[in-house]
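Since the structure comes first, as structure tokens, the remarks are kept for the end.
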């Protein structure tokens, strides 16, 4: 049952700067009727920002009446513990790193050994007490399929015994009705579904025998073969299992990549010889040009992209950026989405886990909003555009190139392929991937060129940081190289063909210890504008590039990233930093309706009931994506808890003394306007489990969860 909230806010909860015309909102009224809460000392368009002199840096300015003060103590603002967002993300094998960076050094500069919670985080076990054999999992009781294991099978074949002893009782959430059945008309989990009583019945035959059968939404029984059909037709980019098997057994041929890599190896050697000899003769240039092999597709033959003021993007978020969460963000107005970062080598090896990251919801295949207010590349067709793009990481060119060819070949719904050049995780960095590419510009250029050559009509983009070290920013030089190519290559090979660059305003060394540097992002935007206008303001040595190699008709799009937490931040960055759009990371996990705020141009004081509704949506979307059986439900629970670890950090704006809110501020202990709001603000993961149980039922006794924030072996890859 959904908790009830108080129906109206008291007068002192109205924001201090509300104008006389603003009416007090009821706590549960829809977003379209809620008041606009303008920033104190802020102009209507949000271009001027001033904070009161008594605002404590790093501390969310909670109104005094909501602060929790211990008996006998005065109302004193206590600086809360800072959550290390570098510890909040990780994935797959990268998660289990044993080494930290220099921040882990103890006395004498020696690195401390990792200890404590979550060194290698596990989630316990959450499977049925007894496994049901697949031969009977979707069939009528008397019509099982043939079991390929025969007498050697260790699974149950007795459906009645399985329902009685092999699994727990049906869940009572959602009124006991299976959400996937209600959505698609059939449940793909069959007898394993924890709502199976809502889509099964016992039928009596003429001979008096009673048989258990599965039914669809209309009460019709499934065919004797137990074929539920492709129940979830809303998920795209499902790569066939045989393709993954062929990849794992090296049966897939990469003709384009092999041809390009053969040329690249020879070309690289020629260039090295040329460089070491330091010759400038025309014959050398002719020899070098003669070895060049035209790629099947020039960048100008790629699909045209568009990034504009009306297309706020969701960053590639490891773990957090799963399909149900992206779907929720699209519901709330997100216009561009990215997969979680996939590793190039596992993709080539057919790893199911990495190919699963490429799945997208059909809402991500719809065109993004398009007003045409910003620069538009000639030939851009919004009706053929879509929201979803893929991000990969690789440490050597051949892995990046071949994995790009695989994605372009096997994924029919792909806006772009983005190369991760900013991930700070030690294991990735030390392998030469992620942010390590920032200090290897030649390798980075070869990667982008090669990816462009084999990606068919799919554009190639890159996501970078300001640099590796705080004392050496390399982003602008890297972007110039991605836009035009190195000076030695551009007159022969043309531009690498990078269609867009996203810059996260931090270095690898900095991580999240300081705010994102939007001044540097603005400087970089100005530089890119000069590159796009082809002026001679950079250096006198830049030569004219081959226009055929320029993507988007000669325009490189530029996206800013870092600390965006409100529509005020968003439009400030677009208007003043002059980025084409902003990519939002942590701000979207904490407050997914930030996209709705951007669309409406106003703060939205979401009630606790509305926020609980988003959690319910996530639970429904998770079961639709992963199943309503024991495994699928607790897979959904695991990712819902990851989501709540950020979602709980949201402080309702009606509780704040001043606006705008800052993503880097942490609140002192406070209470909400009602019990549910207080519960949603809890930092205790046990409360998050209680919230999950409202929709996913009781967590199994064997289920465990440790927040990544408490882990000292996890680092954040989520950008922004």
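Positions of Cβ are set from backbone N, Cα and C atoms, glycine also.
Range 89-121 is the one annotated as region 'Disordered', of 89-121, 122-154 (source: TrEMBL). Per DSSP, the secondary structure of the domain 'DUS-like FMN-binding' (556-600) breaks down as 23 helix, 9 strand, 13 coil. Residues 31, 39, 42, 45-47, 49, 85, 305-309, 311-315, 317, 320, 325, 328-329, 332-336, 374-375, 463, 479, 482-483, 498-506, 515-518, 521-522, 524-526, 528-529, 531-532, 606, 614, 643, 646-647, 649-650, 659-664, 718-720 of the same chain sit 6 or more residues outside the domain 'DUS-like FMN-binding' (556-600) yet have a Cβ under 8 Å from a Cβ within it.
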